[in-house]
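Undergrad: Okay, here's the structure, questions in a sec.
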């Protein structure tokens, strides 16, 4: 028999639901961190002691899934003082991020996969959903167990591996190292019931995606398990990325890169090229270092990349590129969940996790629920991380 009091039911009434598909005006019933029901009219007395939230005139959509975040900090390329700090929970939730994938960057000397794993687990305890990629720019990969395959297979939060290619900061890996790494991630994923993906940080080298094509020629890892990211950082790379997506690959556009290919422009161009939105994702590269230069190219100061560009990209897609709200949301919701095989994420459906955003008609975030818990109210975090000030 259900203990309705313990279940803590919440009924979200009257919002325009984008699940992300347009469902019109709907009610959503939530309990125990899950979506229990979605219908055009759910009576408020369907269960006793139900908290009713009137969302008339507002939009309800899935929480954002940001698959590229430097959870324990990034940077360091301009010396020790440019190492960015760990991310705070509220920076994620106030940007609408309810699920996150952490990773390392250039620095795998003073930062370690073990520390990233601890941070990932901490964020799960603080209320959102978090996973990680093992490895970093360096190849062979820095790992926890000594093996990419073991990390992915047996460590609960590890779902794949990351490396860098076509970048002066990479380890200049040859095709056989890349193929072995991707194959280990793939097999580890099979053994552990994980996606087993390989994420490639893309640099500005004119080689662009050629190392990935060489990998595909020399091993049998499916193209669907390989993800080039930062593909909008230069025009030739972006053009190659579109061709990669036409061949069946998925591409990741970085929201914090505003030129030469702005994120909304990149998504729009992909759609114009006939690429399904299911194979286009958007991520922030958040919490990494963000350098600023003067007119002579001198470094003036370094900030920390934020997450606001995710929502801004959605807004620009709707306002400037005539995207439906449904399609504008997909690269941050269902497309990411599909690529990473994140069961229960990315769609508002019965049985899925209650990761929900409440937005105004102008697409401003008002409330954020993560696994059914209210994390943001009136646009401000009402739940803070362990060491955040109230």
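Cβ coordinates are placed from backbone N, Cα and C, and glycine is handled just like the others.
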Undergrad: Looking at Swiss-Prot, which one out of 137, 176, 213 binds substrate in the same site as 75, 76, 77, 106, 169, 233, 289?
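TA: Within the candidate list, Swiss-Prot flags 137.
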Undergrad: Quick one: which of 162, 194, 207, 247 does Swiss-Prot put in the Zn(2+) 2 site with 201, 230?
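TA: For Zn(2+) 2, Swiss-Prot names 201, 230; of 162, 194, 207, 247, the listed one is 162.
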Undergrad: Given that Swiss-Prot lists 68, 70, 162 as binding Zn(2+) 1, which residue among 285, 320, 322, 327 does it place in the same site?
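TA: Looking at 285, 320, 322, 327, the one Swiss-Prot places in the Zn(2+) 1 site next to 68, 70, 162 is 285.
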Undergrad: Checking the contact step here: among the binding-site residues 75, 137, 169, 230, 233, which have a Cα within 10 Å of the Cα of residue 285 (Zn(2+) 1 binding site)?
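TA: Hits: 230.
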Undergrad: Nearest to residue 230 (Zn(2+) 2 binding site) by Cα, among 68, 106, 162, 169 (binding-site residues)?
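TA: It is 68, whose Cα lies nearest.
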Undergrad: So how many other Cβ atoms are close to residue 285 (Zn(2+) 1 binding site), meaning within 10 Å of its Cβ?
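TA: 24, counting other Cβ atoms within 10 Å of residue 285 (Zn(2+) 1 binding site).
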Undergrad: Measure from the Cα of residue 233 (substrate binding site) to the Cα of every one of the binding-site residues 68, 70, 162, 201, then give the nearest.
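TA: Closest by Cα distance to residue 233 (substrate binding site) among the binding-site residues 68, 70, 162, 201: 201.
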Undergrad: What is the set of residues, excluding 162, 201, 230, whose C-beta falls within 8 angstroms of the centroid of the C-beta atoms at the Zn(2+) 2 site?
TA: 68, 103, 105, 137, 163, 164, 199, 200, 202, 228, 229
Undergrad: Among 75, 76, all listed as binding-site residues, which has the most CB atoms within 10 Å of its CB?
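TA: Top count of Cβ atoms within 10 Å goes to 75.
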